[in-house]
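S.K.: Before I ask anything, let me first share the structure, which is written out below as structure tokens.
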Amino acid sequence: MVWFKRKLEGIQTSTKDKKETPEGLWYKCPKCQTVVTTEDHISNFFVCERCSFHERIGSEEYFQLFFDDAKYKEIDKKLKSGDPLEFEDTKKYVDRIKQTQKKSGLTDAIRTAYGKIDGQDFVIAAMDFSFIGGSLGSVMGEKIARAIDKAIKLKAPFMIVSKSGGARMMEAGLSLMQMAKVSAKLNQLSEAKLPYISFLTDPTTGGVTASFAMLGDINIAEPDALIAFAGPRVVKETIGRDLPPGFQRSEFVLEHGFLDYIVERHDLKKEVSKSVRFFMN
Amino acid sequence: MSIYLDFEEPINALEQQIAKAQDIGKDAELDMTDKIKELEDKLESKTKEIFSNLTPWQRVQLSRHPERPYTLAYIEAITQGDFQELHGDRNVSDDKAMVGGWGSIDGKTVMFVGQQKGMNTKMRQYRNFGMANPEGYRKALRLMKLAEKFNKPIVTFIDTPGAFPGLEAEERGQGEAIARNIYEMMNIKVPIICIIIGEGASGGALGIGVGDKVIMLENTWYSVISPESCSSILWRSWDYKEKAAEALKLTSEDMKRLKLVDGIIKEPINGAHRNPEEMFATVKREVKRHITLLSKIDPAERCEKRMNKFTEMGVFK
């Protein structure tokens, strides 16, 4: 006999409505298995105290980390995906979007906002991997485009926090062209002589790497992030042998000359703010 | 001996019948004119029937037809052999999957760039199946910058199953190379015409695909991923490539309707591979027409228009 019966399958609470974590819960590092309280883990920027493993975080956490007093204004909050291709694989694209929105409490895979970093106006576009793998589609392209307009208007530096599996397949040709769209807008930002900082976090792959993520006036990354055009599985299949250790990780990408620096999350705001100061002074 | 795709088989059968009738006519000194005429009429209507009802997947197959002309064939024909290939990215090597160089179209110098596939097994390997490494994209950019410096228009021919996903390609920044090209092509001050002559797979295609006019030949495809890979990722099986080809809306008609490309060039009735000379002539005419039109626009205005076109792409609410 069942005492309590689950009426709806799965977790129905959206991320936003979730309760604050009560005291006394624990976080176990997937890399070194060290256990700390969730509270300590959060106050340590979601980084393992022992092995410095950087847990993946979302746009909200990055906004709070970068903007002074965690204060910011979000732009184009309501922009949502259309379905011009009427795409359907094992699921209808419209349904997939609706379900993901409900589950994640997000409207799409990126949020854009402006605020201040150490007193300087700053515009950030930050991706959420939990929304269809942070995939690049029309909404992301348009939101970045408008965030660039905002940066030009405010004469503020601009940053994209990339965390994406690449272009969104369900928007096919449209998502491919977002790579060109954002590149066109970056030309405009460049003409306005405003700095673009590309911040690559785990993972940044595919069409995002093959467009704006690699086009920063400076490219910076979190430690040990996967940064690739073709993912490791595809490369391995292509060459038919095992990949060298550390392949396509931040440190590897830095060594090959595609990053300016790697920064731990503890120093993130300090270092980015420093870069911004050099550009803007 | 020509190669026929499965759906082209009825055409093959009729062509064989015609050849046979001709042989009989010759050998037996019989008048087969009426019979041959009848068969030729049948061939024409059958060809029309097949080629006006192609499914997206059949178009994908046509775009990869082993007898379809490749980039260098177009360049040779359009320039009537007045072409000089230029090599190397000045950093690492010369990528054989990406070709380029000066050529002249009726006396006017044009910079040509494009992916190159091979005609036979050996050449296919030599050309890496048209999958360029970062060096290829950097060579392409070097040549396009050269064209800009000397104020010559650029024509790119796109025909690739994708940028090469190899280990060295990753080490040398495949992503950066493609990104740089897309970014720089937005603002190159000379006219750029991009023509998809076969496969237009994803970033590998877009890496030489930013232009004032982006045009697809009728039986080509252009999308974010190949139908096979799409099938394997979204359906977790290789068996849904036909479905994926439909879902991706990757044909020239779909891409034009979605305003993601500027135009379509009609192919000969039975496809570019059956009548390359006619195809070359049409492409040459279109290239000349667009160069003339684009050259009339002020360079800054042309770049602005180019950027605005791409900026307007996307559907949201």
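The backbone N, Cα and C atoms fix where each Cβ goes, and this holds for glycine too.
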S.K.: Would you please say which range out of A:29-51, A:121-143, A:144-166, A:259-281 has the annotation zinc finger in TrEMBL?
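M.R.: The range carrying the zinc finger annotation in TrEMBL is A:29-51.
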S.K.: Other than A:Cys29, A:Cys32, A:Cys48, A:Cys51, which residues of the chain come within 8 Å of the Zn(2+) site, judged by Cβ distance to the Cβ centroid of those residues?
M.R.: A:Pro30, A:Lys31, A:Gln33, A:Thr34, A:Glu49, A:Arg50, A:Ser52, A:Phe53
S.K.: Sequence gap of 6 or more, C-beta under 8 Å: which same-chain residues meet both conditions with respect to A:Cys29 (Zn(2+) binding site)?
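M.R.: Long-range Cβ contacts: A:Val35, A:Val36, A:Cys48, A:Arg50, A:Cys51, A:Phe53.
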S.K.: Check the domain 'CoA carboxyltransferase N-terminal' (A:25-281) for me and report the mean pLDDT.
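M.R.: Averaged over the domain 'CoA carboxyltransferase N-terminal' (A:25-281), the predicted model reaches a pLDDT of 96.
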S.K.: What number of additional C-beta atoms lies within 10 angstroms of the C-beta atom of A:Cys32 (Zn(2+) binding site)?
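M.R.: Its Cβ has 13 other Cβ atoms within 10 Å.
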S.K.: Between the binding-site residues A:Cys48, A:Cys51, whose Cβ has more other Cβ atoms within 10 Å than any of the rest?
M.R.: A:Cys48
